[in-house]
Amino acid sequence: MTVKPKLNVLLCAPRGFCAGVVRAIDAVEEALRIYGAPVYVRHEIVHNKYVVETLKSKGAVFVEELDEVPDTSQPVIFSAHGVPKSIPVEAATRNIFAIDATCPLVTKVHREAELHHKRGRQVLLVGHAGHPEVVGTIGQLPAGSILLVQTIEDIASLQVEDEHNLSYVTQTTLSVDDTRSMVEALTRRFPDIVGPHREDICYATTNRQEAVKQVAPIVDALIVVGSSNSSNSQRLKEVAERSGCKLARLVLRAEDVEWELFANISSLAITAGASAPEILVEEIMDAFAERFDLHVEEVSTANEGVFFPLPRELRRATV
């Protein structure tokens with residue numbers, strides 16, 4: 001009988017689904033229950049391939065643009081990342097029943113940007129170019145109204161209309177530390193710049209990054225369960241590396257684990273991005289249990305009791 005090597009596993013808590021992701025997935029499942037298949041979803045409802053494939057198997061059809069929707073008698077759901085204002089307008093023009101599953105914390109950023117614009121301030125957006133959330137936020141205002149700022153170097157070369165009449169908002173899934181540095185650089189260059197009353201980085205992003213900071217320096221390796229196109233999952237891997245973990249990997253399924261890298265470790269931390277379901281954490285844990293004698297301990301750094309109700313279009317339908 002082969003003796004398995006011992007492995008101490010620290011499970012980060014909180015990890016996995018946030019309230020906005022739960023709400024978005026529930027919205028698709030509730031729409032399927034009420035209206036039947038197909039239910040169309042513009043863009044991946046959340047950035048997790050397992051979640052998307054599971055919803056496809058239940059009758060969801062994912063599209064990138066509304067002109068890909070052939071049947072306007074069936075609902076279309078907007079993803080948790082938010083959409084430009086032109087998308088609901090296009091849906092209304094085509095008489096499409098749209099259900100907005102934008103995370104309420106992303107909607108908060110949209111409203112902040114609109115308010116700054118209404119008050120005559122130029123808006124700077126700290127975020128990553130091309131991310132659906134950034135595209136959606138920029139699309140809340142007339143073209144050219146928002147300047148995207150991606151790096152501290154961008155700040156040094158920014159050309160603004162009036163440095164005394166500026167505001168900023170941020171993408172919700174950024175690195176907390178990077179964003180803090182960006183905001184500090186903005187306020188140094190533009191002392192009069194106006195920011196949000198409460199930071200735009202969402203509670204789940206902050207909590208998951210803080211949990212990783214606690215465990216990363218004391219383990220041989222760390223796995224982030226999540227998809228490669230998930231911004232918050234990518235940031236967790238970066239946070240682990242910056243916090244002193246020499247081996248940090250982003251893994252979606254057990255089959256993706258590069259086992260040769262983990263052959264000689266004695267301690268491992270596992271977390272999951274905000275769009276990664278717990279079933280994938282369990283799958284990866286089971287795969288490690290086949291190869292190691294596990295001692296598992298959960299490390300809790302925050303308690304989350306956040307809940308967001310279903311989109312109002314679905315609440316009306318269930319009354």
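Using the three backbone atoms N, Cα and C, a Cβ is placed for every residue, glycine included.
Annotation comment: Swiss-Prot describes GLU133 as active site, proton donor. With a 10 A radius on its CB, GLU133 (active site, proton donor) counts 25 other CB atoms from all the protein chains.
A C-beta separation below 8 Å, combined with a sequence spacing of at least six in one chain, links CYS18 ([4Fe-4S] cluster binding site) to CYS202, TYR203, ALA204, ALA274, SER275, GLU304, VAL306. Taken from Swiss-Prot, the feature [4Fe-4S] cluster binding site applies to CYS18, CYS103, CYS202.
Secondary structure from DSSP puts HIS47 ((2E)-4-hydroxy-3-methylbut-2-enyl diphosphate binding site) in coil. Feature annotation from Swiss-Prot assigns (2E)-4-hydroxy-3-methylbut-2-enyl diphosphate binding site to HIS47, HIS81, HIS131, THR172, SER230, SER231, ASN232, SER275.
The secondary structure of HIS81 ((2E)-4-hydroxy-3-methylbut-2-enyl diphosphate binding site), as reduced to three states from DSSP, is coil rather than helix or strand. The feature isopentenyl diphosphate binding site is assigned by Swiss-Prot to HIS47, HIS81, HIS131, SER230, SER231, ASN232, SER275.
Less than 8 angstroms from the CB of ASN232 ((2E)-4-hydroxy-3-methylbut-2-enyl diphosphate binding site) sit THR173, ALA204, THR205, ARG208, GLY226, GLY273, ALA274, SER275, each of them six or more residues away in the same chain. Under the heading dimethylallyl diphosphate binding site, Swiss-Prot lists HIS47, HIS81, HIS131, SER230, SER231, ASN232, SER275, citing sequence analysis as support.
Across the fold, the C-alpha of CYS103 ([4Fe-4S] cluster binding site) and the C-alpha of SER230 ((2E)-4-hydroxy-3-methylbut-2-enyl diphosphate binding site) stand 15 Å from each other. Each residue in ALA19, GLY20, VAL21, ALA80, PRO104, LEU105, VAL106, THR172, THR173, TYR203, ALA204, THR205, ALA274 lies on the same chain as CYS18, CYS103, CYS202 and has a C-beta within 8 Å of the C-beta centroid of that [4Fe-4S] cluster site, without being one of the site residues.
In this view, SER230 ((2E)-4-hydroxy-3-methylbut-2-enyl diphosphate binding site) is surrounded by 25 other Cβ atoms within 10 Å of its Cβ, with every protein chain counted. Here the binding residues for dimethylallyl diphosphate are HIS47, HIS81, HIS131, SER230, SER231, ASN232, SER275. Their largest Cα to Cα distance works out to 15 Å.
Its Cβ placed at the centre, SER231 ((2E)-4-hydroxy-3-methylbut-2-enyl diphosphate binding site) has 25 other Cβ atoms within 10 Å. Using a 10 Å Cα-Cα cut-off around GLU133 (active site, proton donor), the binding-site residues HIS47, HIS81, THR172 reduce to HIS81, THR172. Note on the binding-site residues HIS81, HIS131: the fewest other CB atoms within 10 A surround the CB of HIS131.
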